[in-house]
Amino acid sequence: MAKVKTTFFCQNCGSQYAKWQGQCNACKEWNTIVEELIQKPEKSDWKSPTSPVKKASIPLRINEIDTSKEPRLNTFDAEFNRVLGGGIVPGSLTLLGGEPGIGKSTLLLQISLKLPYKTLYVSGEESQKQIKMRAERINPENSNCYILTETKTQNIFKQIEALEPDIVIIDSIQTLHSDYIESSSGSISQIKECTTELIKFAKETATPVLLIGHITKDGNIAGPKILEHMVDTVLQFEGDRNHVFRILRAHKNRFGSTNELGIYEMQGSGLREVSNPSEILISKKDEELSGNAIAATLEGMRPLMIEVQALVSTAVYGTPQRSATGFNAKRLNMLLAVLEKRAGFRLGAKDVFLNITGGITVDDPAIDLAVVASILSSNEDVALQKDFCFAAEVGLSGEIRPVQRVEQRILEAEKLGFSTIFVSKYNKISLKNTVIKIQLISKIEDLVGFVV
Ligand code: TYD
Ligand code: MG
């Protein structure tokens with residue numbers, strides 16, 4: 001093989017070294033020195049037969065640029081299409097990240113089984129038999145889906161040249177390795193090199209590539225940050241592994257908005273698309289229980305009704321406990337302080353537990369009012385009317401603040417049969433003839449009157 005030039009760079013300060021060492025002399029950081037490729041051999045890896053040698057591009061007037069032929073590949077999965085902004089763009093690179101066991105492989109295998117195009121699913125993690133067994137659980141009938149177990153990019157490109165697939169899926173980028181780099185799979189330089197090769201292939205042949213990426217323990221995609229810069233779209237598959245719901249969102253999207261959200265339910269036979277999420281997130285119960293309140297939140301562009309549960313009880317051991325699942329604990333403390341100061345509730349000596357049902361995490365500030373209502377309801381042990389719902393932010397002085405797109409939330413609440421929605425007086429609402437009662441409030445004290 002032709003000679004390849006590599007050298008070692010500190011990933012922290014950029015100092016260059018001739019060989020690897022544990023600590024960087026310049027910045028004194030440990031384990032930051034990584035081998036990087038500086039010169040490849042003449043022959044490139046991916047050379048499509050049709051691509052002319054290095055065609056230089058010329059500047060075009062912006063209104064002369066043709067955007068008409070940008071057809072997107074329909075994935076036949078409504079949630080996935082929505083998150084991507086209407087389907088897969090030819091020649092694009094999409095990175096799907098998520099915790100181990102969340103269902104990344106299941107999602108992409110399921111999509112490749114549904115596609116009517118020729119798909120190549122490359123796995124470096126599981127054997128062909130294992131994948132076949134998984135495919136049988138999902139949808140056994142598909143003759144267009146090819147499975148390859150391989151980790152060397154040069155071999156993958158050889159197979160791609162022979163097969164000419166319409167779409168390529170790589171599970172996962174961390175298992176790939178390129179011959180040009182010595183370091184082991186999953187190292188920064190390997191990931192960078194393999195991604196560069198895949199980008200070159202995707203752009204030259206207009207074949208979309210979907211990559212699966214592992215994440216580190218703090219939730220970032222493993223490998224260099226540059227990986228996220230290199231690809232066109234970064235999707236994150238999240239959810240609580242102990243719950244059945246999974247949420248797919250776009251963190252970066254060069255071809256659409258990052259506001260959209262896809263919801264799936266993990267079943268015995270793969271992931272089911274959830275087209276009406278509000279209905280499943282609200283537990284249907286007959287009796288009214290104290291401490292439950294429904295929030296009309298917005299996840300991206302989609303309205304989502306979410307149930308908030310609070311439990312307030314007298315602290316048995318010295319320091320009261322505050323714990324929140326699916327909600328920011330600092331924000332919970334702030335709301336408790338507001339309740340104490342502005343509405344006179346003595347919560348300082350009480351344990352407060354808060355839970356968002358369904359295992360999802362909400363950061364929409366419009367959930368504040370429902371959190372406050374559920375705490376009040378539990379504290380007084382009085383159930384809220386079960387057809388009440390809430391959508392407003394609570395400020396530090398106890399004022400009820402307006403939230404964005406309130407009309408969309410109101411309409412969703414009405415559609416689901418709620419009788420009353422509590423919103424801020426300062427929201428501009430131009431809806432007419434609504435069946436649902438829109439209760440405008442401006443201070444936290446106003447809420448107390450309705451709730452307890
Ligand atoms: P997997 O897709 O391998 O997760 P990842 O690639 O993100 O690591 O598997 C996720 C889990 O989903 C696995 O523990 C088993 C479960 N599962 C089901 O519940 N139903 C199914 O039909 C399949 C295929 C998997
Ligand atoms: Mg997997």
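Glycine too: its Cβ is placed from the backbone N, Cα and C atoms.
Annotations in TrEMBL come from automatic prediction, not curation.
Its own atom aside, the Cβ of S105 (ATP binding site) has 22 Cβ atoms within 10 angstroms in the protein chains shown. According to its DSSP assignment, S105 (ATP binding site) is helical. Feature annotation from TrEMBL assigns ATP binding site to G98, E99, P100, G101, I102, G103, K104, S105.
Taken from TrEMBL, the feature domain 'RecA family profile 1' applies to 69-215. Note on the domain 'RecA family profile 1' (69-215): mean pLDDT across this stretch is 90.
Marked as region 'Lon-protease-like' by TrEMBL: 351-452.
As annotated by TrEMBL, motif 'RadA KNRFG motif' applies to 252-256. Beyond the motif 'RadA KNRFG motif' (252-256), the same-chain residues lying 6 or more positions past its ends with a Cβ under 8 Å from any Cβ of the stretch are 84-86, 89, 92, 228, 231-234.
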Of G98, P100, S105, binding-site residues neighbouring ligand 2, Cβ under 6 A: S105
Remaining residues near the recorded ATP site, that is with C-beta within 8 Å of the centroid of the site residues G98, E99, P100, G101, I102, G103, K104, S105: T106, F237
Secondary structure of P100 (ATP binding site) (DSSP, helix/strand/coil): coil
Spatial neighbours, same chain, of G103 (ATP binding site) - Cβ under 8 Å, 6+ residues apart: F237, R246, Y264, M266, L271
Per-residue Cβ crowding (10 Å cut-off), top of binding-site residues G98, P100, G101: G98
Other C-beta atoms that fall within 10 angstroms of the C-beta of I102 (ATP binding site): 20
Listed binding-site residues (E99, K104), ranked by Cβ neighbours within 10 Å, top entry: K104
